[in-house]
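Student: Following this message is one structure expressed as structure tokens.
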């Protein structure tokens, strides 16, 4: 259900202040349906804030967010999840004391979960729903190669696997837009490369629109089709990885250039 | 997966065994001992239902006594014979004065009123977290108490309602224990119950997965309040008396202890600890009297709680439900069983 101009998500003139600090001012970007897009910028540039505003975790000070042609500005995260946004977190937020599969099954409640009465009365509807939830959760785990760890307590998994569980959990909500907040944070180069492959594979296989916040430039330049760069809460540039790599403003602020050249 | 399919027959078998025990108890025990059995059952209802909010959903509520007071008054007023109401509560509003309900619908009405109050109070109060929520629910106890004192047309003020019929029997208590256990067990092992645990574990992540956090929290709070209201109705028809301070902060503390010691989220744990604590308090009373050490049992219990919180901070059972059958199986074949129980 693309909006009038074909974008799945459009963010217009987004502002967010925390007290006197302007975290974001006048940020605009659009993510067309089916694109793997990246949001990059130096530390503290407001990437995670932008994520939190889009998903509804924070309310914007002003500006507009349109998702699937619906104005979702200031929506609660629950509502945005229902509309088809799913996200992962920079610092992993799993249901730590629950088994891996239960973590994923929570993601399936929204679309498949039976209500209180059919649950308590044990109606056939409830047991069918429960069986489907379990089946789909296992499928989501299989996509990420975690099916054999389904019954382990999530807190006992290695870090990389925990990231993947977060991923599977997000996929279980059947999102239109998957927002990944620094998925490779804390991973070694091998794990980073593997995850990059997984992301582009999911993007292709499920024709999923993905917005990726990432620091690993090699990965971003390798898999993203479109990039938005922000710096100190302001828009810096947007375009294809190629364009971004050659954009002098981006190079100055972020990618860096050799000092002699800069002075010259 | 498989224990879901065998849940009903298992529950029915356990319920039958329990019914046999109740039958046996009724034929051999004297009325005083039977009243202790009833308090054990009522405390199991209270602890297990408090576990829905405090254990599953991670809402630290102290509000159970408030809901017991509401349920207790509601039930008492509804079952009281109309003639007696005329004498005891001459100022009762007309729509209540003529009512003379039988025990079951009156209990359910008491529970429902408690749940309704929980919903109304829940939306503002459950925005609070942690200690703030505990303090707010503590405040609820005092608000309800002072309403009970001051609405003397309905409650007869500080005098309370005395001489209530002793309608509660071990069978009534047992029936509601079964209902509470059944509902909580089903809930915990369902998709809805998983969303509650998810809220407890990480509220923001749950919200981003589409879990209706506010609604689920209020629901958990109200469901607990429903059973607390029923337990209040049962309680006052054991002791045949209700006054504004029948259910107070001390009781809230005891109930929280039962949940915390049993394991936040464990139905089995809460039930066992509720039963043990009730019996211990009762049996230690004569010991205290003979030794002239009044209050020693409370101190002993408090020390026990502290020790458990130091050495097993998740409570005796954590969130798990120990399964005696699985335990035997696991002992039989250690290598084949999957490590799916954190216990």
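From the backbone N, Cα and C atoms, a Cβ is placed for every residue, glycine too.
On a predicted model such as this, the values are computed, not experimentally measured, just so you know.
TrEMBL feature annotations, pasted as is:
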| type | residues | note |
| --- | --- | --- |
| TRANSMEM | B:7-26 | transmembrane segment |
| TRANSMEM | B:32-52 | transmembrane segment |
| TRANSMEM | B:59-83 | transmembrane segment |
| TRANSMEM | B:103-125 | transmembrane segment |
| TRANSMEM | B:132-151 | transmembrane segment |
| TRANSMEM | B:171-187 | transmembrane segment |
| TRANSMEM | B:218-239 | transmembrane segment |
| TRANSMEM | B:251-279 | transmembrane segment |
| TRANSMEM | B:291-311 | transmembrane segment |
Student: Are the transmembrane segment (B:291-311) and the transmembrane segment (B:251-279) near each other by the rule of at least 3 C-beta pairs under 8 angstroms (pairs 6 or more apart)?
Tutor: yes
Student: Between B:59-83, B:103-125, B:171-187, who has the most Cβ pairs under 8 Å to the transmembrane segment (B:132-151)?
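Tutor: It is B:59-83 that shares the most Cβ pairs under 8 Å with the transmembrane segment (B:132-151).
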Student: Run the contact check on the transmembrane segment (B:32-52) against the transmembrane segment (B:171-187): 3 or more C-beta pairs under 8 Å, excluding pairs closer than 6 in sequence.
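Tutor: Yes, these stretches are in contact.
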Student: Pairs of Cβ atoms less than 8 Å apart decide it: which stretch in B:7-26, B:59-83, B:218-239 has the most with the transmembrane segment (B:171-187)?
Tutor: B:7-26
